[in-house]
Structures are given as structure tokens and as C-alpha cells.
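What Swiss-Prot records for this protein:
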- 1-26: region 'Disordered' (REGION)
- 10-20: compositional bias 'Acidic residues' (COMPBIAS)
- 35-99: domain 'CSD' (DOMAIN)
- 124-178: region 'Disordered' (REGION)
- 159-171: compositional bias 'Low complexity' (COMPBIAS)
- 224-253: region 'Disordered' (REGION)
- THR226: phosphothreonine (MOD_RES)
Amino acid sequence: MADTEKQPEVEENQPDQEQNEEQKEKKIIASQVSGTVKWFNVKSGYGFINRDDTKEDVFVHQTAIVKNNPRKYLRSVGDGEKVEFDVVEGEKGNEAANVTGPEGSNVQGSKYAADRRRFRRGGWYPRFRGGGRGGRPRQDMDDGAPDFMPSPRGRGRGRPYYQNRRYFGPPRRGGGRQYLEGEGEYQLQRDQGFRGARRPFYRPLLRTTSQGLLRRWLLRLPRRTTQGRTSQARRRERPWGLPQRQRPKPRQR
């Protein structure tokens, strides 16, 4: 019989001892203590609160804030803000826990803390022609919307609707786009006396061929007459009328 091979046992990575150890519950010294924030650093995430009863400065960390301002991205308390908290015994002294606003409300937060971004969830944007991409209409839209609003099709968001998105020129006087119910399109309606934007002038491109360059060069040259010239001078000229290049005379020493 063949010897059975022993498979090595896979040792699982054990978590750190610090994570396995249960965190000891901190001893509560006082509860629902009111105080004023002395200072708080948003970047570092900690600060100090001055108790109203004993005038003692208590350390506070951002993780101790229970009810944060929902508009703020990070947990924080503002300088000079009135808060309520519990005093617990920490490793290096007294600390604040369960920090809330007055009477258990949300804290205002620091003015240096970043606000949350406001995303538009759902909804659709009407387009110029047709519905295109879009979702369900919003509930906060007025019921008295015009009948020619494009109906949404598909999923996702559509492009924003601009009435005069392709117009470049002076401001209009009473002009706009008029919807044609029969054709389902928009027609540009202009006021009387409005001429519209001026059409741009495009200069034609010049030819870069040798024939075009030669023609341009000949047009710039003055007209030459052959009267009074000898045959020897005529031979020096090129067949198309350009003079032969003259070499510079050597300097006399």
C-alpha cells in the first residue's frame, strides 16, 4: 500500500491581541454634565471642554460625540458651544463621553468642519426633444406643468433643459422658442426689427502648391518690358519671367 501523504495544516492568521481583548468599560464619574467647549481641533480630532460646575477642563475626542450635526462630514464641536456629556475615567485622566447638545440635541459642530455634499437623488431633467434618458418625475414638481413637457424614457438622468442653449448674440426682445403641437418641434420666434447674429466671414485658404506660390510671386513683381533689351539680356532671364539670381561680387582687397 502506498503511504498516504500528510497534508500540512493551514494556519489561519490570528488577529492582533489588542483586537481580541475586550475593551474594559470605563468608570463613569458624573453624568449629564453641562459645559462649554474651550477649543477643538478638527484636523486632529480632539479638544477640551470646560465644566460649568467645577471649572475643570475635560479631554474630548471626536469618537465621543454621539449626536453630530447631520450637515457636517466629520464629528466636531464648535468653540464656545454649550454641550452635555458624561465624565468617565480614562487612562490619562478624565475624559468626556456621550457628548450631545443641550437637552440631548445635535451639536452644532465646528465652523471649520467640511459640510456634506448635497446629491440629488432620483428625478429627471427634461430635454429639448423627446425624453431621452430619465427616471421617474419628482414629487415636488408642480402639477400645473405645461403639457408639452417631454415624457421620461429609460433609466438614469437626462441632460438639463436649456431653452436657448444654442443662441449666441445680443439679448432678445420678446423672442423665444414656440412649441408646435402638431409637429412636436420647437420653432425660433424672433421679434420684428431683430436681425439676429451676423454671419461669420471665412477667408478662403490659399493653395500651398508650387503653382499657387509661383502665381502669387509673379503678381507681386512689377511688369517688365522687353523693349530696349539685347538678346543676351533676354537669355539671362528664366523662361517664366523671373530674373536669374545674381551672385555678389567679391570684395576688392
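Going from the start of the chain as shown, residues are counted 1 onward.
Each Cβ is built from the backbone N, Cα and C atoms, and glycine gets one as well.
Mapped onto DSSP classes, the domain 'CSD' (35-99) shows 3 helix, 34 strand, 28 coil.
The domain 'CSD' (35-99) scores a mean pLDDT of 92 in the predicted structure.
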